[in-house]
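Heads up: the structure comes next, in structure tokens.
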Amino acid sequence: MSASESQTQARLLAQALPFMQRYENKTIVVKYGGHAMGDAELGRAFAADIALLKQSGVNPIVVHGGGPQIGAMLTKMGIESKFEGGLRVTDQKTVEIVEMVLAGSINKEIVALINQTGEWAIGLCGKDGNMVFAEKAKKTVIDPDSHIERVLDLGFVGEVVEVDRTLLDLLAKSEMIPVIAPVAPGRDGHTYNINADTFAGAIAGALRADRLLFLTDVPGVLDKNGELFKELSVAQARALIKDGTISGGMIPKVETCIDAINAGVHGVVILNGKTAHSVLLEIFTEHGAGTLIVP
């Protein structure tokens, strides 16, 4: 490394210092998903980011998805994926595979990556410590022919109804980094598959997290010219949904951000997980790396 490169690194570290102080002892929930989960190099960069957050005095919590991996396993086992209104129908056999893939495979891969940095990660799901309880999701769609609203039966797809933060509070006082799969029990004894974005939002809300980061495959919220919004208020975000600037799959993502803020999260960021070290760029630099949504 040349002297100029060393000076550049030193300057970057010095610039990061006030942000390290700003987030010390703060909780940051990171929803990990999208393209980054399938790229080994990006996976290692993500693990290093989480490790550095912990070493800097931050309390990081990882929530992960795994839709493509679930689909691949169902195909491998000869089970056809069924969708209603764009949502996966999860019968008893499917939810068993979902739990196996999310809590048994993907979760442990992420834990191993973080542990390779020298930090201690622990794999969990909503069942552990009675952390999360769910109930059957209530979803409706408008029939395009009759224009009548009908209820979708998605099987064991759930919505979070209760978060007990006791276990997470204990882990926050330890050296452990929680990595959580979005699977949870219901009071009815069934296991439910929960959308990872809404699961992460529920966890962050229960903890009154300082930040909730959504790692996606896009840079953030874009205007009609394709330029990135660096920061939006909840009111501004709602107006952009109303006028069509925010559309398609970004609508439920932004609505989840708004729900998390209403639950007590101080700020939610949508950022590009395909950019190496995007978590550090967002937390420890002045301009961040995505779109910050605030109250």
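Backbone N, Cα and C atoms are what each Cβ position is placed from, and that goes for glycine too.
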Task = Return the residue out of N130, N193, N225 that Swiss-Prot annotates for the same substrate site as G66, G67, R88.
result = N193
Query = Relative to the mean position of the Cβ atoms of G66, G67, R88, N193, the recorded substrate site, which additional same-chain residues have Cβ within 8 Å?
reply = G65, I70, G71, T90, V98, L102, A196
Query = Hey, how far is G66 (substrate binding site) from K253 (site 'Transition state stabilizer'), Cα to Cα, in Å?
reply = 16
Query = Rounded to the nearest angstrom, how far is the Cα of K31 (site 'Transition state stabilizer') from the Cα of N193 (substrate binding site)?
reply = 16
Note = Here the 10 Å Cβ neighbour count for G67 (substrate binding site) comes out at 17
Request  = Return the residue, from the listed recorded positions K31, R88, K253, with the maximum count of other C-beta atoms within 10 angstroms of its C-beta.
outcome  = K31
Note = Once DSSP output is merged into helix, strand and coil, K253 (site 'Transition state stabilizer') belongs to helix
